[in-house]
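Going by Swiss-Prot, these are the annotated features:
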BINDING   ASP38, ASN40, ASP42, ASP49  Ca(2+) binding site
DOMAIN    25-60  domain 'EF-hand 1'
DOMAIN    95-130  domain 'EF-hand 2'
DOMAIN    131-166  domain 'EF-hand 3'
MOD_RES   ALA2  N,N,N-trimethylalanine
MOD_RES   SER15  phosphoserine
MOD_RES   SER16  phosphoserine
MOD_RES   THR25  phosphothreonine
MOD_RES   THR35  phosphothreonine
MOD_RES   SER75  phosphoserine
MOD_RES   THR101  phosphothreonine
Amino acid sequence: MAPKKAKRRAGAEGSSNVFSMFDQTQIQEFKEAFTVIDQNRDGIIDKEDLRDTFAAMGRLNVKNEELDAMMKEASGPINFTVFLTMFGEKLKGADPEDVITGAFKVLDPEGKGTIKKQFLEELLTTQCDRFSQEEIKNMWAAFPPDVGGNVDYKNICYVITHGDAKDQE
């Protein structure tokens, strides 16, 4: 009986290890991100969930090879624990500015360094910790979009991690 207990405990530590890497707020934010990606709400992120997520971001022609490569990053089905583990491994030792910039880059498949104001505003007001209209107004005052309606997310990332706007050269 003792060996079973020890075995169970070791297994539990293995799965709880990933949860000890993040605080409760971070885990909740990852859970919200997981829920956004898990489009069919079955508790598993699959290829169709990824395709639907890209479509929701305006990227309609994602190649199967690209989706397959993403799915192969996991050793099996991507439930929340696997999702959290994958991010834990990627974020280990990462610079916070790089992490935040990387999150924005997902929304910028063309690598322009900008995203559409309308799209960002929709995300911020409809997903996860929703921004109020006052918060949106303050954001656009701090980070005004250009004449084409594009927002420079690299500057946003810099301010989030350093507190001051980067000098424009």
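Backbone N, Cα and C atoms are what each Cβ position is placed from, and that goes for glycine too.
Structure with Swiss-Prot features highlighted.
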{"residue": "THR25", "record": "phosphothreonine", "DSSP (3 states)": "helix"}
{"residue": "THR35", "record": "phosphothreonine", "DSSP (3 states)": "helix"}
{"residue": "ASN40", "record": "Ca(2+) binding site", "DSSP (3 states)": "coil"}
{"residue": "ASP49", "record": "Ca(2+) binding site", "DSSP (3 states)": "helix"}
{"residue": "SER75", "record": "phosphoserine", "DSSP (3 states)": "coil"}
{"residue": "THR101", "record": "phosphothreonine", "DSSP (3 states)": "helix"}
(request) Using the recorded Ca(2+) site (ASP38, ASN40, ASP42, ASP49) as reference, state which further residues of the same chain have their Cβ within 8 Å of the centre of those residues' Cβ atoms, listed in sequence order. (result) ILE37, GLN39, ARG41, GLY43, ILE44, ILE45, ASP46, GLU48
(request) Check the domain 'EF-hand 3' (131-166) for me and report the mean pLDDT. (result) 86
(request) For each of the recorded positions (THR35, ASN40, SER75, THR101), count the other CB atoms lying within 10 A of its CB, then report the residue with the highest count. (result) THR101
(request) For THR35 (phosphothreonine) and SER75 (phosphoserine), determine the Cα separation and express it in whole Å. (result) 20
(message) Tell me the Cα distance separating ASP49 (Ca(2+) binding site) from SER75 (phosphoserine), rounded to the nearest angstrom.
(response) 17
(message) Per DSSP, what is the helix/strand/coil residue tally across the domain 'EF-hand 3' (131-166)?
(response) 20 helix, 3 strand, 13 coil
(request) Fill in the CA-CA distance, THR25 (phosphothreonine) to ASP42 (Ca(2+) binding site), as an integer in Å. (result) 23
(request) Between the Cα atoms of ASP42 (Ca(2+) binding site) and THR101 (phosphothreonine), find the distance and write it as a whole number of Å. (result) 29
(message) To see if you understand the setup: which same-chain residues, six or more apart in sequence, place their Cβ under 8 Å from that of ASP49 (Ca(2+) binding site)?
(response) ILE37, ASP38, GLN39, ASN40
(request) Would you mind checking how many other C-beta atoms are within 10 angstroms of the C-beta on ASP38 (Ca(2+) binding site)? (result) 20
